[in-house]
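Per TrEMBL, active site is recorded for Y144. According to TrEMBL, the Fe-coproporphyrin III binding site annotation covers R130, Y144, P145, M146, N147, K148, H171, Q184, S222.
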Amino acid sequence: MSEAAQTLEGWYALHDFRTINWTAWKQADAEKRNAALDELQSLISEWKAAEDAKTGSTAFYSIVGQKADFVFMHLRETLEELNALEVAFNKTTFAQFTTPAHSYVSVVELSNYMAQPGTDPLENPEIVARLKPILPKWRHICFYPMNKRREGNDNWYMLSMDERRAMMRSHGMIGRQYAGKVKQIITGSVGFDNWEWGVTLFAEDALQFKKLVYEMRFDEVSARFGDFGEFFVGNLLDGDGLNQLLSV
Ligand code: 76R
């Protein structure tokens, strides 16, 4: 049996995608819409307070295209807290005007392919910060799930640790060229959801998603071993953005 990579896990992640029922929203009277918005704002304030207290983090983005209208990406210490967040939203008035579009459950993950031998990663504050990241409030988000292939000669899980480490090094070198332009959060979802990882990217310039993902397609680990699910791309929903989105 090949040696499994050791992983470090941080906060649990829920990507919660919703679609807005525009017909119902437009038909609702202004009073009901305002009450719904106020309630949504107070939930958002609670999430912000959790972020300030460093007990979790939330990103809120509209989604471009018909797969969903918006996404909440929540990070929390436990699955129970994530569940409580989705239930709290489901009980709001605003939720009555939405339908679930998609969701993804995973946990922030770092693997030891690039780890320095003989050091305790959990003693390194940078690593600890990456396991419990405050999500950037950059203009754009990109999310997609992926697997590492297990087919014939292209079986990632049959490769030796050294072979995998060499490929992950090359992967990391490409990634590093996007430092400051794309922030990536890899979440592991083996045992939690339908794919092995979730990839969440943030950027100020959405074109950097295309450039990074395209460049990686030529790199062996993605070219030979990467299988990808649906892509979701969106725009930051700050206070103004939310008011604009929901004004009818
Ligand atoms: O953690 C590190 O920074 C070390 C190097 C590194 C690892 C171990 C790294 C760097 N990644 C790692 C692991 Mn990654 N990553 C992806 C995708 O679209 C595609 O082709 C693949 C989707 C992107 C865009 C991306 C970006 N990475 C992983 C893993 C776990 C694999 C395993 O354990 O088998 C997956 C699934 C994955 C996928 N990666 C980087 C990036 C970027 C931008 C970097 C550089 C980060 C930096 O240096 O700040």
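Glycine is no exception: its Cβ is also placed from the backbone N, Cα and C atoms.
Just so you know, TrEMBL annotations are computer predictions that nobody has curated.
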In three-state DSSP terms, S222 (Fe-coproporphyrin III binding site) is classed as helix
Within 10 Å, the Cβ with the most other Cβ atoms among the binding-site residues N147, S222 is that of S222
Largest C-alpha distance in Å for the Fe-coproporphyrin III site residues R130, Y144, P145, M146, N147, K148, H171, Q184, S222, as a whole number, is 23
What remains of the recorded positions R130, Y144, N147 after requiring a CB under 6 angstroms from ligand 1 is none
For R130 (Fe-coproporphyrin III binding site), the nonlocal same-chain Cβ neighbours (under 8 Å, six or more residues apart) come out as G10, V108, L110
The rounded CA-CA distance in Å from H171 (Fe-coproporphyrin III binding site) to Y144 (active site) is 17
